[in-house]
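Colleague: Feature list, courtesy of TrEMBL:
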| type | residues | note |
| --- | --- | --- |
| DOMAIN | 1-399 | domain 'Major facilitator superfamily (MFS) profile' |
| TRANSMEM | 32-52 | transmembrane segment |
| TRANSMEM | 59-76 | transmembrane segment |
| TRANSMEM | 82-103 | transmembrane segment |
| TRANSMEM | 124-143 | transmembrane segment |
| TRANSMEM | 155-179 | transmembrane segment |
| TRANSMEM | 215-234 | transmembrane segment |
| TRANSMEM | 254-274 | transmembrane segment |
| TRANSMEM | 286-302 | transmembrane segment |
| TRANSMEM | 308-328 | transmembrane segment |
| TRANSMEM | 348-367 | transmembrane segment |
| TRANSMEM | 373-394 | transmembrane segment |
Amino acid sequence: YSLCNAFQWIQYGSINNIFVRFYDVSAFAIDWLSMSYMLIYIPLLFPVAWLLDKRGLRLIALAGSALNALGAWVKLGSLKPHLFPVTVLGQVICGLAQVFILGMPSRIASVWFGSHEVSTACSIAVFGNQLGIAAGFLVPPVLIPNVDDVEKLAYHISIMFFMTAGVASALFILVIIVFKEKPPNPPSRAQALIQSRPTEEYSYMQSILRLLRNANFLLLMITYGLNVGCFYALSTLLNRMVIHHYPGEEVNAGMIGLTIILSGMVGALISGIWLDKTKTYKQTTLVVYIMSLVGMIVYTFTLSLGHLWVVFVTAGSLGFFMTGYLPLGFEFAAELTYPESEGTSSGLLNVSAQIFGIAFTIGQGQIMDHFGAKAGNLLLCSFLFLGTVMTAFIKADLRRQQANLENEQT
């Protein structure tokens, strides 16, 4: 259901120019449809993370998948050019659903999986979100051709909206039937310790304050925000960038987005397995960050060469490291902040990513309008460089590993 929600995030951005014409609004207004996801997340993270701690995984999964389906059905009421506000409402409801989804991967991994498979489980759960973004790049340009007739355009858009609503509803029903709270027995010693702690000992506000006093976690929070914020801006503005240099290539713009995500999924899976094998959190995070920066620089200077295949190669290598970084950040945070809730630590990482994502999307969009795509991409390069330097200063204080080791010894 993370896949379905992420698809709805990028379905407008991947054919930005077509929706601009259909609704007769500015490109910036369409950018806001994907930025609304980021904006909604920031104030609602804390109430939802509190709910996750107090009420558990099942309630969160039910609420999120219900909102996801509702948003998809609302969008079906926006199939006329003057009904842009209805599509905004549908997107806002889907944005609400995303608040419930993003904190779940690391929590599900910890609650359901043992210490030797927890990082792999988290990276596979993050996969769903990435697959959705991949589908969001691939499907809309194929389903909705760039035709002049508004009636025809409305028909093609309705097919996409109906398909999404059908899938979202089926997923909601599956969550009701299948999704369980937790396994009968804790899968790891670290999880057993958390579950045996008396509930009155745990204060949610105290937990957040402890996280914000943890210097290593704060550094990780900023560097994670810089990296993932760059990824959000790149995804949102990709269609505009590619169409600027290669007019009429909407389908290929979607395919380039797909390449970024698919190679990133391979990167995410490899980094998850690597972490479970080696436990080298700091070193792996730093190497992946440096390679994200290198990939971004290469992509920036090859985009305007006039060869689409070059863009595919450079975008693919950029995605491998940039998206591969997502589960690394979640797992490193869970290590640095144990025994705090993974939902809270990954939530704070996501808030950081959303804030930087909005800033970078607006900043890069404005720079692209006035100075061209290369200047916009150079902005992202400079922030990735800053993030790389800051990552080098994070100390590898692996508390969850320590808890598992101590318990094995006793």
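Along the chain as shown, residues are numbered 1 onward.
Keep in mind that glycine also has a Cβ here, set from the backbone N, Cα and C atoms.
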Colleague: Can you name the far-off residues of the same chain, 6+ from the ends of the transmembrane segment (286-302), with a Cβ under 8 Å from a Cβ of it?
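Modeller: For the transmembrane segment (286-302), the list is 223, 227, 230, 267, 271, 310-311, 314-315, 317-322, 324-325, 328, 374, 377-378, 380-381, 384-385, 387-388, 391-392.
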Colleague: Ranking 124-143, 215-234, 308-328, 348-367 by Cβ pairs under 8 Å to the transmembrane segment (155-179), which is first?
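Modeller: That would be 124-143.
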Colleague: Check the transmembrane segment (373-394) against each of 82-103, 124-143, 215-234, 254-274, 308-328 and return whichever range has the most CB pairs under 8 Å.
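Modeller: That would be 215-234.
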Colleague: State the non-local partners of the transmembrane segment (32-52) in its own chain: residues 6+ outside its ends, Cβ under 8 Å from one of its Cβ atoms.
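Modeller: 9-10, 12-13, 59-60, 87-88, 91-92, 94-96, 98-100, 102-104, 107, 204, 208, 232, 235-236, 341, 343-344, 347-348, 350-351, 353-355, 357-358, 361-362.
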Colleague: Count the Cβ pairs between the transmembrane segment (215-234) and the transmembrane segment (82-103) that lie under 8 angstroms and are 6 or more residues apart in sequence, then report whether there are at least 3.
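Modeller: Stretch pair does not touch.
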Colleague: For the domain 'Major facilitator superfamily (MFS) profile' (1-399), would you mind checking the mean pLDDT of the predicted model?
Modeller: 86
Colleague: Six or more residues out from either end of the transmembrane segment (82-103), which same-chain residues have a Cβ under 8 Å from its Cβ atoms?
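Modeller: Result: 1-2, 5-6, 8-9, 12, 23, 25, 29, 33, 36-37, 39-41, 44-45, 48-49, 52, 60-61, 63-68, 70-75, 129, 342-344, 346-347, 350.
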Colleague: What same-chain residues lie close to the transmembrane segment (308-328): Cβ under 8 Å, and 6 or more beyond its ends?
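Modeller: Non-local partners: 105, 119, 122-123, 126, 130, 224, 227-228, 230-231, 234, 242, 246, 249, 252, 255-256, 259-268, 270-272, 275, 281, 284-285, 288-289, 291-292, 295-296, 298-299, 302.
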